[in-house]
2 protein chains.
Amino acid sequence: MDAKISRELDWLEAAIDEFAETSIRGGEYWRASYTDEDRAAVEMLTGWYTERGFKAYTDEVGNLYGRLEGKESGVILTGSHRDTVKHDGKYGGALGLLSAVAAVTGLNQELGQPVKTVEIVATVEEEGSRFISSYTGSRAIAGKLKPEHLEEEDAQGITLKQAMEDAGYYKGSLPEPRKDIERFVELSAEQGSVMEKSLKKVGLVQSIVGLEVGSITIHGEQNHAGTTPMSMRKDPVPYAAEIIASLTKWANSRNDRVVVTFGNIQVQPGKPNIIADSVTITFDIRSTNESLLSEARSILQEFRNSAGPGFSVDYKIAAYDAPADMDLDGILAMRDIAAEHNMKYMRIDSGAGHDAQIVADCFPTNMIFVPSEKGIAHSPLEYTSREDLEEGYILLREYLRTLAWGK
Amino acid sequence: MDAKISRELDWLEAAIDEFAETSIRGGEYWRASYTDEDRAAVEMLTGWYTERGFKAYTDEVGNLYGRLEGKESGVILTGSHRDTVKHDGKYGGALGLLSAVAAVTGLNQELGQPVKTVEIVATVEEEGSRFISSYTGSRAIAGKLKPEHLEEEDAQGITLKQAMEDAGYYKGSLPEPRKDIERFVELSAEQGSVMEKSLKKVGLVQSIVGLEVGSITIHGEQNHAGTTPMSMRKDPVPYAAEIIASLTKWANSRNDRVVVTFGNIQVQPGKPNIIADSVTITFDIRSTNESLLSEARSILQEFRNSAGPGFSVDYKIAAYDAPADMDLDGILAMRDIAAEHNMKYMRIDSGAGHDAQIVADCFPTNMIFVPSEKGIAHSPLEYTSREDLEEGYILLREYLRTLAWGK
């Protein structure tokens, strides 16, 4: 390998560890947005930007940019988010963010001033690290964050607006949507094991799944398990079981184009010898295909509508994100680079959400995946080896070269 | 109505309240076995027995008897249990026990010394009020309680043996099985709403359900809800749903001859966006038909055996009680009395367990049910009105008359 790439990867590996240190308390990595931990991360990044000659600045919601001015108008955006969930691992957003810092630094040293301006963004509150709704930074960039969204409260009752004000970002108005961005590319670990199992090192993301998450509560009639004949029961548990079994069967028949997960079930009162009064099941449905999400919703609603007498069904949607297609020209360009470098690449869909899906309808957007060891994400055990990172890093660097330096 | 029956019912109503008072602490009725509350109940019953000329005595496990000597050998046994679960209602065992006191007292006053000896038993620890395994008193009567059963510990780690010793009952050996009992008859509230819904006042119990209760834990593979395609999942939740749906469907097709309840479900880790590592479901299967219990067990075991690779299924049986048929001669005799008195009677199976099922294979045993308002049992709201009790009480009294006084 090229010695300069190797040095960039040395820096990147060390930087991931150094960056994590800003937000490890009692052995636990958690960088909630607008906190002291977040402030420390912003300071470290600002230092790195500045010493490389990138202009560091923040917007009114707290996105942190490092800007390397080009000769012509138009901005190529790269980077990732800087927040982490509680008890997270070191890779998360840091991998894409610091890969961007390393690559842009290396390209700048190698090729001088770019044709297009390059900005590296460290978005804020992508993970829902502090507030339930996520993608705050990218929604601001896309012009999708509205004043009413700022009223959301964190677990302590502090509003998003207050948190942004206290951190010194928000001063009464939201940032203008970015109209100057020509393209966005983000590198990330897969957060799954499709690539590892396929023995591939680079994933060209085709689409990011949309998701619908929520819960269904079925109310029946509490009664005695022994003395209530089957014909006199309104037992919500078998009804819930029918919903789970049916929707799973449907998803299994769709050739991995949709996933359905029922991750929690709560039975009330939950005694072995009492027919339940109610059952609540959570659902998490994801697909890159909007019509499959809509089909799943219809199946659930049909269960609600067809509940017999004595049953009632509450159906709550907690979040809906539309699926997003990555830019086809970008995929083709990256495919050519990957082929030229004999990379072990594959096309892949993202089952996890990313800022990229928020901005994809504003400007052409692409993602590069590298493998996650054992598919682990959002855990201290999360790991992407240098060997697994190399090809994805080179692809990001080469793609940025063609986009911003035009050579 | 006969004035003396009316007086007996007056006493019975008052006695139920007075008896409950012995064990109400802070508004909550709980008479755990071998406690001060139990001691107070034994003293009150002993007083009632003695003042009526019944010989009061206890056996080595703490069953309390009141014996009215007859002219010939052989014992007619009646009564019920004296313990209650925590937060129980006033009727439970007290209704059958004090109905027996009232009826035997009335018959003795009306007809003098019986032909057969009559004993009223207040059994101990039927409910599992203190120890998990139940029917301790009736198991001792039937010779089914073994020395090793005395090693069971309560929530404080006190063994059954120690508790019996501390209460002054156990002195090193278990009671001999009762061979002198010719017949047992127990009155109880239904603890369900089949009679209320059928507008009947007297239930002639045909069989007491057997039950199999336990839990099934399905282990799958924890994973990310978004990034794990359906074909790569080992999700235990849909597997559990299939078990619940299948066994319920099977039970529904058996014309109310079996009931199946899944009263609790625990999902680990129980997060909406994580495919579960494991699910535990409790099952409670009851039937008067042993072959249906065995069929249900086969269905569950088939699910265990057919779990695919990546799944493992643990199947734990917490308790098994065989179903018990009540004595047919007794049912016929009571049917004739009920018909003669123009009672609104029906034949019914008991979906709840009773001491009667433990002793039914030792001597002819029968049960009489009276309605439970709204089917409520084991709750402070448990209630059987005087109007609902009358016919059942008269049936018990008339049946005891024919059995013990022979007229």
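Cβ coordinates are placed from backbone N, Cα and C, and glycine is handled just like the others.
Taken from TrEMBL, the feature Zn(2+) 1 binding site covers B:His81. Positions annotated as Zn(2+) 2 binding site by TrEMBL: B:Glu127, B:His378. Marked as domain 'Peptidase M20 dimerisation' by TrEMBL: B:214-307.
The local packing around B:His378 (Zn(2+) 2 binding site), expressed as other Cβ atoms within 10 Å of its Cβ over all shown chains, amounts to 20. Long-range Cβ neighbours of B:His81 (Zn(2+) 1 binding site) (same chain, at least 6 residues apart, Cβ-Cβ under 8 Å): B:Gly92, B:Gly93, B:Leu97, B:Ala122, B:Thr123, B:Val124, B:Glu125, B:Glu126, B:Glu127, B:Gly137, B:Asp355. If you average pLDDT over the domain 'Peptidase M20 dimerisation' (B:214-307) in this model, you get 95. Counted with DSSP, the domain 'Peptidase M20 dimerisation' (B:214-307) comes out as 36 helix, 30 strand, 28 coil. Taking the Cβ of B:Glu127 (Zn(2+) 2 binding site) as centre and 10 Å as the limit, one finds 24 other Cβ atoms among all the protein chains shown.
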